[in-house]
Amino acid sequence: MEHPDQTRTGFGSESLLLRGCTIRNTEVAVGIVIYAGHETKAMLNNSGPRYKRSKIERRMNINIFFCIGLLFLMCLIGAIGHGLWNGTFREHPPFDVPDADGSFVPLALGGFYMFLTMIILLQVLIPVSLYVSIELVKLGQVWFLHNDLDLYDEETDLAIQCRALNITEDLGQIQYIFSDKTGTLTENKMVFRRCTIMGSEYSHQENAKRLETPKELDSDNEEWTQYRCLTVPARWAHGPATMRSQRGAQPLRRCHSARVPIQGHSRQRSMGRCESSLSPVAFSSSIEKDVTPDKNLLSKVQDAALWLETLSDTTPAKSSVSTTSSIADFFLALTICNSVMVSTTTEPRQRVTEPPSTKALGLSLEKIQQLFQRLKLSSLSQSFSSTAPSDADLGESLPNIPVSDSDERDDTSVCSGDYSTDGGYRSSTWDQGDILRSGSATSLEEVLEAPALGLASPELCYEAESPDEAALVHAAHAYSFTLVSRTPEQVTVRLPQGTCLTFDVLCTLGFDSIRKRMSVVVRHPLTREIVVYTKGADSVIMDLLEDPACMTDTDVEKKVRKIRARTQKHLDLYARDGLRTLCIAKKVVSEEDFRRWASIRCEAEASLDNRDELLMKVAEHLENQLTLLGATGIEDRLQEGVPDTIAALREAGIQLWVLTGDKQETAVNIAYSCRLLDQTDTVYSINTESQETCESILNCALEEVKQFHEVRKPDHKLFGFRLPSQTPPPTSGAAVPDIGLVIDGKTLNAIFQGKLEEKFLELTQYCRSVLCCRSTPLQKSMVVKLVRDKLSVMTLSIGDGANDVSMIQAADIGIGISGQEGMQAVMSSDFAISHFRHLKKLLLVHGHWCYSRLARMVVYYFYKNVCYVNLLFWYQFFCGFSGSTMIDYWQMIFFNLFFTSLPPLVFGILDKDISAETLLALPELYKRGQNSECYNMFTFWISMMDAFYQSLICFFIPYLTYKDSDIDVFTFGTPINTISLATILLHQAMEMKTWTIIHGLVLIGSFLLYFVVSLVYNAACVTCNSPTNPYWVMEGQLADPTFYLVCFLTPVVALLPRYFILSLQGTYGKSLISKAQKIDRLPMDKRDLKIQSWRSRQRPAPVPGEAQPTHHPEPPVSEQGFRASTPKSSRPSKRKYKENWVVHGERCSRDHMRDDPCSGDSSAKLSSGEHLLLGPGRTMASGVYSSGQTDAYRPSNRGSHRRSQSSLTI
């Protein structure tokens, strides 16, 4: 915007107030209404959801065309037959009525008219009602899905959401799953785990023990979980905090809070959830807020805080390599360098306008009010306080009140309490009686010295855009560097001693996916220096540090180099432990340099052309020559049940790909912990930007892999490859190690730009797991589309954030997880669940049922219509192809509308071929849907042939019975109609695998309804269709014994072949479904034994002579200077041997070594400093991967096992 004085003001995305935003803590706003119409990003991205059609629906449409062709053929036969039959008459027959002018219709035109007549007569062959029935069946399936308690999350009070009603059956045919990592496989609850400052690593062992301790659910009386208003005070004493009740003391857990009982509480919440009467704040669970400080670091932090208070504008700061100053700057950066907003429970955020001051010496009005309130409470020895204690803003110590020990320290909440300066948490609840009893003669000053018992200031709540920022702020808060308030112009930080420092925010450079860092420019309130605090990915920050070679002091240069080397070593250690790493750095800018940079940034913001590029360059000018302060490691633990779910999905024949934007080492470690990768797997890691090198590596990997795997041929697909789950057989799978593939975003770019998709997909066909790291949202969707289109497979994408939306929409089925990153993924998904573990039952049970029910119902509908319509077609051969019928028209209408409509619906909604317990215990039963065994071209044509056979029997047995008799046409058609109804209903009964009262009532009721309607209709319809009236036809047939005999024998003959085939399948069938159905009929104890025996036979035997993995943590391997070595040649038949590789003087062993067919390949040209690695040669992950590993991922070096190495490293 250009002002009258020719100055320009730039507006960016941070200046826009988007639809749905809420303005808070703002007194005055001056705005400009901007209209961009269809040029806005929201409109450009709103291309509309991709209409997804299920696989059954697409196949059904093809079969509809076959039915149309069959109808055309039958009508053509009728037209030709009509012409031939009329041609046999020498004279026009009496029923051939001439036109008004006395002329007769030509034979050709009469045949055309008969063609149209036959279309009207036989149009029931096209199952139009099938589409309506399918929608009703899917509605019933969705209702059962929504009411499944196993898919309900009690903690969040969320059930599964079915946002797409037309693809429920596709849940049973999934072949590939593409999953995000953060928030999908993990909890997305970022927990501060450890840090390194100036090369010194602080492991936070006590914090690690707290995280490893499982959540204890108290099984005491439920009355303690029904309180809502008051918080029970905790006793300030050494030892566990206790709650007093009339029946004795009960242990106080972190998840507990005493509440006033409220009547009518309808839904019980999980006791593991932090209860609050307020609306929950994102990223503020107790596990995220509670950080136990490291004892070694805590003392240094106190020294650093004291040093900060000694600074002034005349006192120069220490050297940049000083430990004390670096620790202070490190925690200031954690507190300031973010976009976290601070709010309280009683008042909004306010701008701090007072200059920073030291501790107040006098008594304020608030303190006097607190004094009277506490004196008033002294008469209530049993009263409780519902508010947390005040923070250390008063600055007084607590000499008379002991601090809780480490046990109590772990059972308190950051939001409800504050950390004391001596290393312990002040309890969030206070026992008034204990305090008053401990000092009955306490003086007035001593009372004022004590905290305000929760009445001074409300608790602080941090609202962050990402869980990483919230975790860092909570970590700084644990060390008493507390973020008190934040406004666009100022940030206030309270130090451990209670001093508040207010920093003027001069500029904020937000985080973006290109820069991968965030910077905040502030003016230090004490030294008045302009300081740039930066945090970001280590791969970026390390390249922006100041060059040690430019330093004049040699000792300082050596120290800086040592600090960087040790920090990099710690970063590699964190990544191998599966932690998310961030580097923290700072820079001091002179006034003149900042003024010059600020003017350039203003010009860039006001630029109309290439604004983003200019802002990027301006940011790069400031974010350089940084001084490294340290790094942090944040843990994102696995969700509950993720390893078991992945193992079950893999047994079901589903390939799981993980597409994540995290670091490769972190993603690989998570993949090992969730059983996506196994210790014995041969893992290929491909990292390159060169298309030529990427092609060479893919060729080498393919040649090596094909030596131990048979070439996979397409099965029933016209295009693509056969699924790995189908070959090789389980017995041969143990002889050949499984293969995993790890690839990064740069390599994906090389694959897509170099047209290497086919080779990439061919390599993935041999892989057990595929892991794509550092991938962008666009790359995620491109990978999903590539696999979906090229391999012609059913794909499912699951994610929880906005960066997963494109991937979710690209897959055949998109599932959103309602996590902590908003509702974008849920709003764009087809199904929404609360946890990844729900995917197991959703696919293996409900997916199997939905597919099996709907597929068999569709086949039954085709059979039913063809069987009934053929009765009318066979009659044309005996009525001169005149288009007449032997069944009343109303009976034909009622046949599809009432008599045979309800049984298929009940069958499609309630039928269960196998119980849910058996489906969960035997995941390989899911392969039936993957192979489309219930509904394919073979089953379709078999049902068509069966329909033709049954229609022949149902027509010609009554025809031969009543041949040469004097019955009328409706008397002949009524037995045929009755026989066809009985045959079709009995056919339905043979297809049902589950029998309930509803099934029996519907089948019997439909058959009885036919007789009731027919009797009433034939008795009431005297002249309904003159001259052929159905009056009293059914009543006459019921008095004829021949009618009963024909109606009994004909369905038996018609259904005998199908019954015989089904009997053979049930007795001698070797399919998995047949075996599972036999197991399902056994008693509970015998069924469990059979299932265990089944699973033991399916489990592959161990490889003879294979050594068990041993504890041997591997050192990190540098990405640069990796020595290329060629393994010795060996015969391919040798399954396993070991060979030592020398990497910078360190040894790493590898298993499953094989020939390197491309060791002499000259096409793999490496550029300077480029590192391309096939296999886990980087040894990038070490953690606990034992057979008894729990679901919660707890990274640790103790007991770690060495990963197997691949056979090719370039």
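A Cβ is built for glycine as well, from the same backbone N, Cα and C atoms used for every other residue.
Since this is a predicted model, take the numbers as computed values, not measurements.
For 1138-1157, the entry in TrEMBL reads compositional bias 'Basic and acidic residues'. If you look up TrEMBL, you'll see 826-1068 marked as domain 'P-type ATPase C-terminal'. Among the features that TrEMBL reports, region 'Disordered' is placed at 387-420, 1093-1210. Feature annotation from TrEMBL assigns transmembrane segment to 62-85, 105-132, 858-877, 889-910, 938-961, 967-986, 998-1020, 1042-1061.
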If you count CB pairs under 8 A between the transmembrane segment (938-961) and each of 62-85, 105-132, 858-877, 967-986, 998-1020, the winner is 858-877
Which listed range (62-85, 105-132, 858-877, 889-910, 1042-1061) shows the maximal number of Cβ pairs under 8 Å with respect to the transmembrane segment (998-1020)?
889-910
Name the range, of those listed as 105-132, 889-910, 967-986, that has the largest tally of Cβ pairs under 8 Å with the transmembrane segment (858-877).
105-132
PLDDT averaged over every residue in the domain 'P-type ATPase C-terminal' (826-1068)
93
Same-chain residue ranges lying at least 6 outside the transmembrane segment (967-986) that approach it to Cβ under 8 Å:
864, 867-868, 871, 884-888, 891, 895, 899-900, 903, 950-951, 954-955, 957-959, 961, 1003, 1006-1007, 1010, 1014, 1028, 1030, 1033-1034, 1036-1037, 1043, 1046-1047, 1050-1051, 1054-1055
Taking a Cβ cut-off under 8 Å, which residues six or more beyond the ends of the transmembrane segment (105-132) line up next to it in the same chain?
60, 64, 67-68, 70-71, 74-76, 78-80, 82-83, 86-87, 99, 858, 861-862, 865-866, 868-869, 872-873, 876, 881-883, 885, 892, 896, 901
